[in-house]
Amino acid sequence: MAQQTSGRQPRYKRILLKLSGEALMGSEDFGIDPKVLDRMALEVGQLVGIGVQVGLVIGGGNLFRGAALSAAGMDRVTGDHMGMLATVMNALAMRDALERSNIPAIVMSAISMVGVTDHYDRRKAMRHLKTGEVVIFAAGTGNPFFTTDSAACLRAIEIDADVVLKATKVDGVYTADPFKDPHAEKFERLTYDEVLDRKLGVMDLTAICLCRDHNMPLRVFNMNKPGALLNVVVGGAEGTLIEEDAQ
């Protein structure tokens, strides 16, 4: 169930959490690790327990990637549609994990899938969020050529989220890949234009520009660090904050 976390007040009232599909694999090379799902459901439940409204977007890279399928010779639109369906599978798995923990959740898909998910409707999504349900946005934007990062930023803007939280395998944005370059330095704060000018690869160009144009703060943090998600939401200095004025 949604855990009550005493003594910690949230900095954000409504968040959009972006999880990569790869994060669901755990130590596996493909698919979904149920233990990872359960841990993520527990961490999301902690947020619900302190009154935070949570929207979720999950990638599909643990199952299919449209761009990779296209590179292998498949029609790009077909590949992207397969990638969208992969995000729906991940969303259903996450909803199941949340509901098993007695955390109310709903999947809203950008592609109509009657009997499987609800169809995305902004006004309905807002109502579900206000009643404390976790809303999982699936199937990206519903259009090919757009990443799930772009979908996350779009949904965050639509639902008037306070921040986009991008969960990654590193604790922020670095000057280079910290797994490959031991001298890579971490940024505490950045502006959108600095991310674009330095080609830091936090998100794709469309996603960053969406956040910049609508002044949507973005924080990149390490979801694998225990308690990091809760710490971010209560105002802790986790990861890297990207916003209009980084002074």
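Glycine is no exception: its Cβ is also placed from the backbone N, Cα and C atoms.
From a predicted model like this one, the values you see are computed outputs, not experimental measurements.
Taken straight from Swiss-Prot:
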- Lys18, Leu19, Ser20, Gly21, Gly61, Arg65, Thr168, Tyr174, Asp177: ATP binding site (BINDING)
- Gly60, Asp80, Thr141, Gly142, Asn143, Pro144, Phe145, Phe146, Thr147, Thr148: UMP binding site (BINDING)
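Max Cα-Cα distance over the annotated UMP binders (Gly60, Asp80, Thr141, Gly142, Asn143, Pro144, Phe145, Phe146, Thr147, Thr148) is 15 Å.
A sphere of 10 angstroms centred on the C-beta of Phe145 (UMP binding site) encloses 13 other C-beta atoms. Here the candidates are the binding-site residues Lys18, Thr168, Asp177, and by Cα distance the one nearest Phe145 (UMP binding site) turns out to be Lys18.
When the binding-site residues Thr141, Asn143, Thr147 are compared by Cα distance to Gly61 (ATP binding site), the shortest distance belongs to Thr147. The Cβ neighbour count for Thr168 (ATP binding site), using a 10 Å radius and every protein chain shown, is 20. Cβ packing within 10 Å was compared across the binding-site residues Ser20, Thr141, Asn143, Thr147, and the lowest neighbour count falls to Asn143. When the Cα atoms are compared, Thr141 (UMP binding site) and Lys18 (ATP binding site) turn out to be 14 Å apart.
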